[in-house]
Each structure stands twice: as structure tokens, then as C-alpha cells.
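To start, the structure itself, in C-alpha cells.
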Amino acid sequence: MKRNGESHLNGEAKKSRTEQNQEQQDYQDEYYSSSDEELLPSSQTSPVFDIAHSNSDKWQSTIRKVVNSVVSIQFSHVAAFDTETALVSEATGFVVDAERGLILTNRHVVGPGPFTGYVVFDNHESVDVKPIYRDPVHDFGFLQFDTKDVKYLKLTQLDLDPSLAKIGTEIRVVGNDNGEKLSILAGIISRIDRNAPDYGALTYNDFNTEYIQAAASATGGSSGSPVVNEDGKCVALQAGGSTEASTDFFLPVSRPKRALQCIQKGLPITRGDIQVEWQLKPFDECARLGFTAEAEAEARKMFPDKIGMLVAELVLPEGPADGLIKEGDTLISIQGEYISTFVRVDEILDENVGKELEFVFQRSGREIKQMIKIGNLHAITPDRFVHVAGASFNNLSYQVARCYCLPVRGLYVCDGSGSFEFSNQDTLGFIVETVDDKPVANLDEFVEVMKQLPDCSRVPVVYRHVSDMHAEYVQTIYIDRHWYTSFKLAVRNDTTGLWDFTTLQKEALPPAALVPQNAKYVDIPFSDPSRAECSKLVRSFVQVRTLCPSGVDSHPFKKDIGYGVVVDSTNGYVLVSRRYVPHYMCDIFVVFAESIDVAGEVVFLHPHLNYAIIKYDPKLVLADVQSPKFSETPLKRGDDLFFIGYNYNLRVVTDDVKVSSISSLNVTANSIAPRYRGTNLECILLDSKLTHECNTGVLVDNDGTLRAFWLSYLGESNELSFKMGLDVTDVLSILKSLQANHIPKSLRMLDAEFASLTVLQGRTRGVPQTWIKRFEDEAQDLIKFLSVDRVSAPTFEAKPSPLKVGDIVLSVNGKLVKNMRDFASMYDETSLTFNIIRQKQEMTLEVPTIDTTSMETSHVVSWSGALLQKPHYGVRQLMTKIPSEVYIVDKSSCGPAHQYGIVPISFITHVNDQETKDLDSFIQVVKLIPDKTYVKLRLVSFDNIPAAISLKTDYHYFPTTTLKRDAVSGKWNTEKINE
């Protein structure tokens, strides 16, 4: 995998904090191609030969033998763990034991965490593989397959011979280069004593080994390729390369060969270490560090082919060598044996785990002897993690500790999500020290603390980032155990290749009982006594915090903070923009006077006017919360108003403003990921720059009467939002219902969008002069017509709308339609009588309205890493026909859905050729499908392009789960179908 010297494993340019300005020179070969290409048909993937050095018959014969042992690895790291993120990718491996079905590849392919995958042989047979070993430090690991599953290919294996790797040796790299089925790259070994390449911080790095260097120009996907000589012997393992040259780095196969022999003999693969990183430094540099001339002469005499010695680069605190070896010490011997190579150090340490050995080294010209106990490298390599409250944790690993010279201890956040999302930018690199003021030095202590925390509780957490251990951070987090119900321990099982899950707590402790709390508002100071009532309007504002656990309805934000307006303080109702409350599947917190917060509940979502109503318990708030007075007169262009709002810094600001225009418009759609947007709006625009810095506010008269809500409207991109006013008269009927403590359960609406036309445009398209005169006579502001801009795709139960794009609306139920507000009668009527102009002909239509009761998302299915739901209204608005009600809204970065090519914003129409019109029929089909079997899916893209793919289920890591919202209680109920 290309790492470009960066700290993030998925190829994104995300550098560690200490290396922001440092350009790295090395990369680790991508084990996936740079694009999400699928494997090409065999007719398009013939071997790519690089014959710059040789084209002998012997090479041709060797390559024919080698390719039968080389496999393409298609795999997934199904969970973030240690230095690795969850991802789907591809790489190369090769058979080293045909009888046992053993495949050698890179450690960064096998990964330290959960792995699933399969391999494809040269004849396109594919078999499942399981990981059986990954080295704690060096970049190699082994996968295993059942040889009985290979039916049409005679298995061959490559022999490992590290002794044949010599300078000048002509080699071939045979592998899955850049995602191709098979590429063969030529090169010549130029170095055999290179230090291990540095791939950056917070990612996997090899160390304490020599690397072999050659110029082969390998790219993504070639990780794990065998490097063979002319006789077909594997002399090295492809691992990485340079981003600025054609240089590649190969791992010597001496340690993989030893590990393979242990596996074949059924012996444990012992690994010893003293937590010291050594670097091979040339003799002149050793001399500058204090290596004496006499010692150099002796070393050159004993090792005439060597150019340097091993020097201590890093000694980890609290490790076996801490205080005994110091940085800059030059290693001379171990247990009486003189040392010149990393290989011999590995051999000695691996054979003496738990024993004390004598180390002799020079420090500033003095020879020093120390007895050091050899530690067990496997003991400081984590093999378990805990998943709770949406985040994952493991004990700090040797890999991470070495990057920043830390003791190998502590609780490491390997997936900072859910309740433990400390930063929007970084999800890796955090060490948690205390939770709820209790120390959590390791996983066991952390588990016991988390068991005692009730759901929905708020607790302080103390943490640091490994890149800056000087800085201590304290943050109050919200413990979410109702959306993120899983609290489990995962332990690696090298026999089965799986990670075994153990539930640590079936249900969280119930939330603590809430008690009423006091809060005090500070009124806005005004020198003008006529605005005394305006100063109290701060008591009508509340902060609204939203947590959305999933990507339902393609809403882009998991966490958001905005403000709302209390429209009924007696019953506890707040009006807020749907920019912050997009759907029912979220947690809401209402904060009063920046002092106390109480839980809120979404009780009403307006289908097109971009506002939501949330409810809180007013008995829990002992503060002077007030509802404003509401005007019953619509605003006009030119009206003078007073603005009170909250800016980007969440601070209240005020301004005198004037209504510059009132426009009929629709918010621009996002066709890549359709989501909720405001439509058929009659929006108020102002002549003030200050108001555009505020996402929430109110427009009032001098006496404090509220004339309009100032709201944020999410635009076509995540970064773009529009700020516009919504006239209070447009929501007055809903507000009056709330004041009667009645929540509207159902509105009706027209299933179409309308846009404004000038009189000239209307005249050109056939509007008669008599109608134009009627509009001119009744106009109070701009004279315009409304035309049908878009007609939404109907649901399966509904009939298509009789309206067509381009229809010019003259009247509805006999009333002229001068602006969007004239459609308001649709909320209570099952049908409306339209007078329209279509193709210059005047027509009368009966247009039915649609019921919005079931419009919002209330049923979600998680299947094979894909998130499925009924197409929400934002999807139907942009389509003319819905292929199916099984809509793929999102997918995980590591599940079967991603691995086998399911694309979000598409539809599943058939499963195993059985039609799946809706989620219920889909569940009925998939619940009968066994685990680890292939499923045929028929898909239709958002652009109505059909496709067929196959997908292999994996219920161990990706069980089928449904979430349904109870219409009465508003609670979401979870049910697991396949697990």
C-alpha cells in the first residue's frame, strides 16, 4: 500500500502532527489499486512483461513455473485495530507450502486485526483464506487455504532462499501490480544492507532488519509479490518503495523462512526483543558517535564485507534495556558473539526469550557490558480489542510506542468514533488516561469503568495525543449505549482465523433520573427603551445539539450544534432548522442559557419548509424561558426590522435590517447524495452582512413581535448553506396547534416543485393577456408566474401526478397563484383544482395531494456492510421512477458490500432473482441465505443503469440488523436477523 510517508493507511494525505512539514521519501506498496477497479476479464489481463534486462529462454521457463504459485489477494480489514484502519483492498501473495495451503504475503496485508479475504490463482480459481500468523515487527505474514478447494490447478510452491540475494542479482517481481491480474517487473539488486524504510507515524513500520533495494518500479497492489532469481528461487519479498524514484524495497526472507519452518513443525514462533531500535550506520558515523579506531579495525577485520555497525537509535522507556543501553551506543556482541547484521540479532533474541544475555557495546569510547533480560515480543503486541459506545480500544502497541518513544502501556483509541470522537480530523493516536475521574491504564480497567456508566450519562475524559504527550486534554463526553448497543471483547483466534466476540454487558445501566435545575438568562442590553421587549428575546433561544449515529437520508453530519426558538414554553416546543434536525434517527439535547441541558425529542418534521419541531420537558427547566409574540401579518419588501441571532462563534448579535426581497425559490439539489432540502419556499432576504454569519435568528418589530425565523438551509455541498428568513405566517397554523398541545401528525402536499417566471417568460409560453392583466391587477409586489419545475417520482402505492414539467400555474381552487404561499390550501385538501397553461393551451386539472404521514424514514436495515432504507423524499424529488424501495444510502469502508462493488445511491431490485420491492420482502429473502454463501444481486443505479453483482455474506462480522421506529412512542427498536 502506498503510504507516501504519511500516517494514514488509506492513501489520504494525512500526516502526523509532528511531521506536518516533513516530506517523506518512502512508501509502502499499496495493496490496492489507486482506483476502485474490479478485476478485468482474463482476456484483458495477460501478463505484462518488463524485459529491459533479459529475455532468455531460462527466464521464460522460470516465469511460467512461478506464476502458478502467485495469487491475487482480495481482502478486507473489517475493523480498525492498532495502526490499521478498516478498509477493503487487494495485494499479492504466493504459495510456500502446497501441501498445507500456506501463502506468504506482507504483514501490512494480513494486518494485526480482523481479516477476511480470498485469493485468485492464475487460472481464476478463487478460494477463501484465513490469517494464521502476522509478525509483530517484520513485514510478513501467512495466510492459509484449504487445498481441497483448488480443483483445476496443480498447486506449486516457491522455495525461500535468502542466501541468493546478492548485489548484481537479476530478479523479477511477479505480482498484482497496480491492480492488474499479473505483472512481471524486472530489476537488479543494488543494495542488501538498507535500513528499513520509514512510512511515517501512526502507521505500520518495519524496523530492526536489513532491506534489499532494487529498481523495479512496482506500484499499488504488488505488496507481497515474490522476488525471484533466474532459477525460480524466492530471494526476497516485495514490501515498499520510493515515491520519487523507481526504487523498491524488499524484505529478506530469512525470518519468513524460519517462521514457515516453525509452522510446518507445529512449533510456536518465538519472538524476542529488548525494546531497542537499532540502525545500521556506516563506520565513519559510528566513529563520530564514539566508536574507537581499534574497535573499528577489529570489526572491519572480522566482517570485511560490511560497511558499518548497529547503533542504538531508540530505547523505549520502561523496556528491558531502559537505563542499560542509551541512544548512540554501538553494539559489539551479544552473549560473546560479535554482531554485524540484524539477522543474527533476531536469531539470538528469538531463541532466548525470557533469558538474560550479555550485551557488549561502546559508548563514547568506553566498552560497557550489561545483562539484559529478553522480552517476549508477542506479549507487547495486542491481540484483543474492546468495542463500546461506537469506539474501539486496544492496549498500546509496540508499533505506536516506538514511533514516539513511549512506554508500551496505556489505553489506545484505535477507532475514535461514537462517544469517543475527540476530533473531527484525527481518529487515531489518542491515549485515554481517565474516564469519569477513574484511571484506565489498560483494557481491563477500562471495561470495569464502562460497565458502571449509565446510558446517556455525561462524564469527563482525560486523554492525550501520542504526537504531543505534553498536552493534556479534558473533554466531557456523552455515553451513547442505545444507538451503539454493542459492548464486546474481540480476541484473535489463530486457529480459526477469526476474532471471537464476547459480550461484556448485554444492556447498559438505565439513564439516571433527571432533576429540575436552575438557569439564569442575561438579557441583551439596549440603550433604547423602546426595545425593552427585544432585550428579553434571548430567553426564547435555546442551543440544540444533535447526534446522528448513521448516514440515514444521506445527511452528512454526525454531530451538529445550532440554535432554535422556543415557540411554546408552556408545553416545551422548539422550532429549529432541519439543517440540524434532519430526521427522526437522532439524539437531541436542548441547552438553556448555556447552563443546563435536557433531552429533546423530534415530534414534527415539515416536509418542505426546512423546519422541525422538537419537544422537551419544561418541568426540568427552572428558568425564565419565554415564547415570543407572533405576528399574523406577512412581511413585505422594504419592511424595517430588528435582527437577533447567533453567529458562528455561538454568540448573540443584533442588527437593524431591511427586507430587500421576498423570493420564491428551491434550494439546489445534491444529485450525488440526494438529501433533504427546502423546496417551494417563500424566502425573506436581507441587506445585512451580519445576518449571513448567523445560522439561527429571529426578525422582530421594535416591540419584540416575531415576524420571521432566520434559518440555515443546507445546500448542494456540505460546506454550503444558505441563510434566509421564513415568515412566521407560513408556520402559524402549526404554532397554534402546538399551543393547544396538539402535534400535527399528518399534512398533505403537492408532489412537485415550482419555480418563478417573469411576465415575459409567461407571455412567450402562452399565458393569455386576460390572465396577465388579472395578475397585474392583484399584484402587491413583483408580478410573476409559478411554473412546475420538477415532479417527484411517485411511490409504488401512488399514481403519477397529472402535472408536467413546464406547466404554468394560473390558479388553484379558483385563487390566483402569485407566490408559494398560495399553495397553502394543499395541507388540508386531498385534491386541488389547477388552472394551467401547457404548451400554450389552457387546461383544468384535478391534482391529488399526497399524505406525508409515512414520508420520513422509519425503517433501516444494515446488511453486509450496506445501509438500506426506503427512498426518502429527497431521492424521489430527483427521479421520475423508483426502481425499488430497497435503497442503498451508505456502506461501510470494510464490509462485503464495499468489497464486492455495491455502490451507494442505488437500488436493489432482486436477490437471487427474487424480486425485492421493499425492505420487508428483502428481509424475507436474505434471512434464508446461509453464511459464507454467494448472493446474486440485481441493482439499478440512480441514473437507471442496471447491473448484476455477486456478494458473499459474512454474518460473523456483518450480521443483518433492522431498526424500526414505533410511530406511537417514537422509540427505535433493533432486531438482529442473521448473526
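Numbers run from 1 along the shown chain.
Placed from the backbone N, Cα and C atoms, the Cβ positions cover glycine too.
According to Swiss-Prot, the feature active site, charge relay system maps to H108, D139, S222. Swiss-Prot lists 1-20 with the feature compositional bias 'Basic and acidic residues'. Under the heading compositional bias 'Low complexity', Swiss-Prot lists 21-34. The domain 'PDZ 1' annotation in Swiss-Prot covers 277-362. The domain 'PDZ 2' annotation in Swiss-Prot covers 871-943. The region 'Disordered' annotation in Swiss-Prot covers 1-43. If you look up Swiss-Prot, you'll see 65-260 marked as region 'Serine protease'.
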Grouping DSSP H, G, I as helix and E, B as strand, the residues of the domain 'PDZ 1' (277-362) number 25 helix, 30 strand, 31 coil
Pop the mean pLDDT for the region 'Serine protease' (65-260) in here, whole number is fine. 92
Compute the C-alpha separation of H108 (active site, charge relay system) from D139 (active site, charge relay system), stating it in Å without decimals. 6
Among all the protein chains here, how many other CB atoms are within 10 A of the CB of H108 (active site, charge relay system)? 31
Cα of S222 (active site, charge relay system) to Cα of D139 (active site, charge relay system): how many Å, rounded? 14
Using other CB atoms within 10 angstroms as the count, which residue among the active-site residues D139, S222 scores least? S222
Using DSSP with the three-state reduction, classify S222 (active site, charge relay system) as helix, strand or coil. coil
What is the three-state DSSP composition of the domain 'PDZ 2' (871-943), stated as helix, strand and coil residue counts? 16 helix, 21 strand, 36 coil
